[in-house]
């Protein structure tokens, strides 16, 4: 594939005209290209396999088991998902491999997940799962099977390949065409070198079209419900699951003006901006308005709450992020300038784009300071700040801290 300019060596705005989306028809001689599809047992990966097969690629599937426990009957179990994946592969006539990455998942994802909750933060394990398992362990395994590419059912796109300033062949991550389903937020930590070996067949489609294709091919997954929630929890109650691994310590619920009004079940069960499930009824001499989580006082094990959807303690103008992953492999040079990098950001999934400036706070651009044009509500440490310019996802990092106009 042709070389492309990258945002590390030229102005960011000038580079993006060259970031052409990669489509399946762009790849030469597909009949000589071996693609292994991550088959989850869902409709998106099923249709991805169909589209690749129709485009002429040599296609096989691989089902990943990332979690050993499978003791529930109220949610779709791994065995059910495997059966559906096998049924789809049988239907379209491709081989299905299986691989167990449970040990890798525990070491690289789950232990980090527990450590973050123990530290009072709210992590997003799906982002780390994509980085460490789906686009690392799976990719590495697929390459041993002779794959030229892997493919997944994510609603995102990527550019054609180009070489960055270090001479490494990479691709840029692009938003999916379906704005309601775009998953680039969850894939921002996947390196461009991994993206260069990945195909996203449904990234050019909207969800209703994907289901229509599945129905036309009489796939068992055509009307299967989309999976929701953290992958290893399934449909189980989050609190019940977390209690198996982290002992909860009850503490006081305190208002923003210092009044004790209740008892919380453990700070790890709450997140900033949360409204429901706090366990506060009517409070004497207070208006009948909803209560929101404003802060966690870790030193004193107190949950700070207040009333008002736009309470000042929930608003912040700046955040500090660390563990930055830049898709290109190199940070945009603009973050080292006095003016910073002008771009859009999301501090949570599905949040509308927020205008901001990004400044490096260390020499390699792995930590940044983000200043928003407008105050942001309920920015949560442990979640990710992800940066965009138009359709291009530049990368992102973990939110370490925020500033707030008011403190407790």
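Here the Cβ of each residue, glycine as well, is placed from N, Cα and C on the backbone.
Here Swiss-Prot flags 38, 39, 40, 41, 42, 43, 44, 45, 64, 153 as ATP binding site. Per Swiss-Prot, active site, nucleophile is recorded for 129, and the stated evidence type is sequence analysis. Residues or ranges marked as disulfide bond by Swiss-Prot on the basis of sequence analysis: 129-231. Look at Swiss-Prot and you will find 154, 383 tagged as site 'Interaction with tRNA'. Residues annotated as active site, cysteine persulfide intermediate in Swiss-Prot: 231.
Recorded features from Swiss-Prot, shown on the structure.
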{"residue": "38", "record": "ATP binding site", "Cβ contacts under 8 Å, 6 or more apart": "45, 61, 62, 64, 134, 138, 150, 151, 152, 153"}
{"residue": "40", "record": "ATP binding site", "Cβ contacts under 8 Å, 6 or more apart": "63, 64, 81, 85, 153, 227"}
{"residue": "42", "record": "ATP binding site", "Cβ contacts under 8 Å, 6 or more apart": "81, 84, 153, 221, 224, 226, 227"}
{"residue": "44", "record": "ATP binding site", "Cβ contacts under 8 Å, 6 or more apart": "153, 154, 155, 202, 210"}
{"residue": "383", "record": "site 'Interaction with tRNA'", "Cβ contacts under 8 Å, 6 or more apart": "122, 123, 124, 347, 348, 398, 399"}
What is the total of other Cβ atoms whose distance to the Cβ of residue 154 (site 'Interaction with tRNA') is within 10 Å? 27
Across every protein chain in view, the count of C-beta atoms other than its own within 10 A of the C-beta of the residue listed as 'active site, nucleophile' is 25
Widest Cα pair spacing in Å over the listed ATP contacts 38, 39, 40, 41, 42, 43, 44, 45, 64, 153 is 16
According to DSSP, residue 40 (ATP binding site) sits in coil
Taking the Cβ of residue 64 (ATP binding site) as centre, how many other Cβ atoms lie within 10 Å? 26
